[in-house]
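K.L.:
Just lifted these from TrEMBL, have a look:
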type	residues	note
ACT_SITE	Lys196	active site, schiff-base intermediate with substrate
ACT_SITE	Lys249	active site, schiff-base intermediate with substrate
BINDING	Cys121, Cys123, Cys131	Zn(2+) binding site
BINDING	Arg206, Arg218	5-aminolevulinate 1 binding site
BINDING	Glu234	Mg(2+) binding site
BINDING	Ser275, Tyr314	5-aminolevulinate 2 binding site
Amino acid sequence: MEKLQFDRHRRLRNSAAMRSLVRETHLHTSDLIYPLFVVEGENIRSAVPSMPGVEHISLDLLEEEISGLVKRGILSIILFGVPAHKDAVGSQAYATEGIVQRATRVVKEAYPEMVVIADTCLCQYTDHGHCGVIHEGYVDNDETLTLLAKTAVSQAEAGADIIAPSNMMDGFVAAIRKGLDEAGYVNTPIMSYAVKYASSFYGPFRDAAHSTPQFGDRKTYQMDPANRLEALREAESDMAEGADFFIVKPALSYLDIMREVKDFTKRPVVAYNVSGEYSMVKAAAQNGWVDEKAIVLEKLTSMKRAGADLIITYHAKDVADWLQES
Ligand code: PBG
């Protein structure tokens with residue numbers, strides 16, 4: 001019989017050491033950004049029911065929480081504020097004594113080396129739950145830009161290392177860059193939520209952040225999950241406006257987009273492993289239906305393979321512990 005011609009792919013899979021030699025993608029603790037929900041009040045560590053393992057933390061307990069992250073080698077956090085007071089224009093988002101501004105000062109004072117990323121949006125701070133100012137039922141783009149720039153500057157003044165605008169108004173990177181530069185923060189980078197889909201995967205976050213829109217939805221500003229070219233146009237605009245990092249959100253259902261954004265921007269790309277992606281795994285793991293550690297490491301590795309340099313993930317503490325063990 002004539003000898004068959006084919007490749008022996010299995011040669012490179014025959015032992016753990018061999019597989020390790022040819023592994024293309026690696027996950028490191030330094031890739032992880034941990035989201036924290038900070039609340040007003042004292043001595044609060046309250047569980048978010050829809051996100052097992054995630055808590056609301058008051059400022060007096062923040063230093064202890066950060067110390068746990070530093071011990072694990074996590075270098076960066078992203079702060080989400082849950083304010084006590086909301087109004088039509090989200091004024092607590094840009095108040096000097098706003099919850100995120102105060103939290104930033106607490107963290108930077110205790111741990112100056114911790115990279116603090118401030119999420120810059122209005123939805124947690126407005127009584128209607130939309131990400132901007134409302135005029136006749138519509139989120140007014142240009143008026144919202146003024147408030148966003150103001151929010152970013154107040155966050156930079158408080159010591160935030162990176163500004164992360166997430167409200168998907170057109171021109172938000174340009175407006176924030178101008179605001180930061182004029183206030184003297186030319187060296188503060190912008191991590192733009194460049195590609196953010198109107199996704200059902202944000203459900204648990206909206207419980208955690210109390211930011212569910214009180215009427216309508218976010219489809220006039222967040223993107224249609226069916227669109228790919230639109231994502232590239234969004235990335236193109238943010239690139240032209242001067243974004244330093246590009247977030248793709250959600251992550252898992254949008255790995256194709258992540259790859260394209262990475263290839264196009266050639267800049268640091270951040271996967272946002274969102275709340276719904278987290279809670280689905282947690283729920284299945286609690287039922288014993290999946291192996292939590294294996295599945296989490298697989299999904300985060302797939303995000304890096306798709307081009308992400310960094311990953312915002314609620315799993316960060318567990319992942320840091322698992323990577324340490326191995
Ligand atoms: C605020 C914001 C949202 C998330 C991050 N920033 C919610 C939204 O757009 O409704 C979602 C994060 C997650 O689901 O983990 N604009």
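The backbone N, Cα and C atoms fix where each Cβ goes, glycine too.
Any idea what these are sitting next to in the structure?
P.N.:
Counting every protein chain shown, the Cβ of Lys196 (active site, schiff-base intermediate with substrate) has 24 other Cβ atoms within 10 Å.
A C-beta separation below 8 Å, combined with a sequence spacing of at least six in one chain, links Lys249 (active site, schiff-base intermediate with substrate) to Tyr193, Val195, Lys196, Tyr197, Ser199, Ala271, Tyr272, Val274.
All protein chains considered, the CB of Cys123 (Zn(2+) binding site) has 23 other CB atoms within 10 Å.
For the recorded site, Arg218 (5-aminolevulinate 1 binding site), the DSSP three-state label reads coil. For Arg218 (5-aminolevulinate 1 binding site), the same-chain residues lying six or more positions away in sequence with a CB closer than 8 A to its CB are His130, Cys131, Met168, Ala198.
DSSP classifies Glu234 (Mg(2+) binding site) as helix under the three-state reduction.
Shown in sequence order, Ser50, Met51, Phe201, Tyr202, Gly203, Pro204, Phe205, Ala208, Tyr314 are the residues of the chain, 6+ apart in sequence, with a C-beta less than 8 angstroms from the C-beta of Ser275 (5-aminolevulinate 2 binding site).
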K.L.:
Do me a favour and check the Cα-Cα span between Glu234 (Mg(2+) binding site) and Cys121 (Zn(2+) binding site); whole Å is fine.
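P.N.:
Given the Cα positions, Glu234 (Mg(2+) binding site) is 18 Å from Cys121 (Zn(2+) binding site).
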K.L.:
Give the sequence-ordered list of residues that share a chain with Cys121 (Zn(2+) binding site), lie 6 or more positions from it, and have CB atoms under 8 Å from its CB.
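P.N.:
In sequence order, Ala93, Cys131, Leu148, Pro165, Ser166, Asn167 meet the Cβ cut-off.
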K.L.:
Rounded to a whole number, how many Å is the Cα of Cys123 (Zn(2+) binding site) away from the Cα of Arg206 (5-aminolevulinate 1 binding site)?
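P.N.:
So the Cα of Arg206 (5-aminolevulinate 1 binding site) lies 10 Å away from that of Cys123 (Zn(2+) binding site).
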K.L.:
Around the Cβ of Cys131 (Zn(2+) binding site), how many other Cβ atoms lie within 10 Å? Please give the count over every shown protein chain.
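P.N.:
So the number of other Cβ atoms within 10 Å of Cys131 (Zn(2+) binding site) is 25.
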K.L.:
Measuring Cβ to any atom of ligand 1 with a strict under-6 Å cutoff, which of the recorded positions Lys196, Glu234, Lys249, Tyr314 qualify?
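P.N.:
Among the recorded positions listed, not one has its Cβ under 6 Å from ligand 1.
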K.L.:
Within 8 Å of the Cβ centroid of the Zn(2+) site residues Cys121, Cys123, Cys131, which other residues of the same chain have their Cβ?
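P.N.:
Result: Gly90, Leu122, Gln124, Tyr125, Thr126, His130, Gly132, Ser166, Asn167, Ser211.
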K.L.:
Helix, strand or coil by DSSP: which one applies to Arg206 (5-aminolevulinate 1 binding site)?
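P.N.:
DSSP call for Arg206 (5-aminolevulinate 1 binding site): helix.
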